[in-house]
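Record features (TrEMBL):
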type	residues	note
DOMAIN	6-153	domain 'CSC1/OSCA1-like N-terminal transmembrane'
DOMAIN	174-319	domain 'CSC1/OSCA1-like cytosolic'
DOMAIN	332-596	domain 'CSC1/OSCA1-like 7TM region'
TRANSMEM	6-27	transmembrane segment
TRANSMEM	71-95	transmembrane segment
TRANSMEM	132-151	transmembrane segment
TRANSMEM	329-352	transmembrane segment
TRANSMEM	372-394	transmembrane segment
TRANSMEM	425-444	transmembrane segment
TRANSMEM	456-476	transmembrane segment
TRANSMEM	523-555	transmembrane segment
TRANSMEM	575-598	transmembrane segment
């Protein structure tokens, strides 16, 4: 990519970013758009969103979005710190060295806009040059800075996890375990078996249990009833708005709703009498008692009385219990095959996108566009902007697919589904967006590169710099993408469509939840790209730093105004961030070892060999030091917390509510609205 094409892409995306931010600043202050831009608030905010995002403290973030929200913001803070240091080293030291060494060609400043951005890369440094030792030193410096910040963040977040646990109010999930594979004998119900077992072996701490029922059919009836209820609400909304008479249609839906309500009540009665599953939520009088039930095997037969930590009652994914073991096993196999096929399809997309970056290849594919492509501005847009836009657009559909895959695999909680989807998205993104673009070619050729580890550094040292222009354009396009998060284009369109068509009424009380499973992998991808190109193309660094700064302000704003947390894992996303950053550092080391080999500086390559090993040893130290804190709370913390609360008067009320906390919402009685105009609309529980 030549500099003028890069400037065109940067200018276009910067203009779109400013335009979107300005549109948001105007629309958010107008009362008609409160349900789009501030569904968590009853009024249009007046304060500048940038000022509000800046002044909010971490305690405010925790109050609004939980510890997961704090961790999400800390990812941006960590990234800004790392890449601010990297930008100082890269742009202040390495980039001038690269530019003025002119191995590729003599510099003609009058024709600079038509020069390749390779002039700013390590490729422009003379082979064997002593200046390459500056690059060598920079690798050690940025590795040391990143590892220090990783240790600081891991320590800080693990400390916050313990701190918030100690000051938190009693939560049902801390006192409850999920028990599965309950052995049954003839004539004994699941409830009786659970009650007998835990009264015998956990007599001092056992409180109560809630048996899980098969409610798949009931859930379908409730979904149908909710759908009809929504149609009724919309019809009455249209009737009030337009004055049209739709009494016949309203009466028809009311009759269908009444029939469904009766069927729901009959199915609820049948479910509670007959359709028990060999699983139950068992509650205890102390956190320590619940922990003992989880971490000590309950039976001599390890396939029976299997226990795990219970999720928050609102986090339980109840349809999980309506699938059999065989169905979940088949679903896992189907997900594996579907994931492989998805990657293969996306590799074809990447091959097409890569073809757009080369004008000569594009002219061969579409010869009838040759005259148009010869126009400078058009060729710059097509080769420098269009490929990254296409990749962004198609990638935006992948998170929902990964979430569907995780749902099929059988997780007992929504948080478990999204954490699994996050891991899937991370692997998919790193492979298809980074490695597939870097290694461009057939799938077999990509795998062959990894089959010869000795040649991997050299091959990456050649291939990674060649794609610098594509990834710079990709990051710059992401400025627009992340700013579009502010404008909530999809929600805005639905809002405007509903106002114009007068056929639907959006429920403004239902604010969306933060899509951690899609946003965290995207942030980590840019961290990987920034570290991978730190040495070979330091021009990359300012663009990725701008992305992280935009994300910091934008998502702090969204966490307060848009997103309502569905769950709180207690910061369990951070270990994923730590491991991925370690992986990114190792990728950097492998690339740089290959670069020094190509640049005829074998001593530097040899002196870098210990660095990935030291980085991995650091990672192992952090895993042993901090990861256990994210997996379980200690005996010290549990007993201390239990002792602090055992004499509090409100604990009796908490335990009373705990007995029914894990009742399946599908089994709760349907209540009718008190408003006479909505008298047939049931207030259905969230299922």
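Yeah, the Cβs are placed from backbone N, Cα and C, and that goes for glycine too.
With a cut-off of 8 Å between Cβ atoms, the residues of this chain six or more beyond the transmembrane segment (456-476) that come close are 1, 5-6, 9-10, 13, 117-118, 121-123, 354, 357, 384-385, 387-388, 391-392, 433, 437-440, 449-450, 526, 529, 532-533, 536-537, 539-540, 543-544, 547, 587, 590-595, 597-598, 605. Across 6-27, 71-95, 132-151, 329-352, 575-598, stretch 71-95 shows the highest tally of CB pairs under 8 A with the transmembrane segment (523-555). Helix, strand and coil content of the domain 'CSC1/OSCA1-like N-terminal transmembrane' (6-153), in residues and according to DSSP, is 115 helix, 1 strand, 32 coil.
The stretch from 6-27, 329-352, 575-598 that makes the most Cβ contacts under 8 Å with the transmembrane segment (132-151) is 575-598. The average pLDDT computed for the domain 'CSC1/OSCA1-like cytosolic' (174-319) is 85.
Sorting each residue of the domain 'CSC1/OSCA1-like cytosolic' (174-319) by its DSSP state yields 81 helix, 27 strand, 38 coil.
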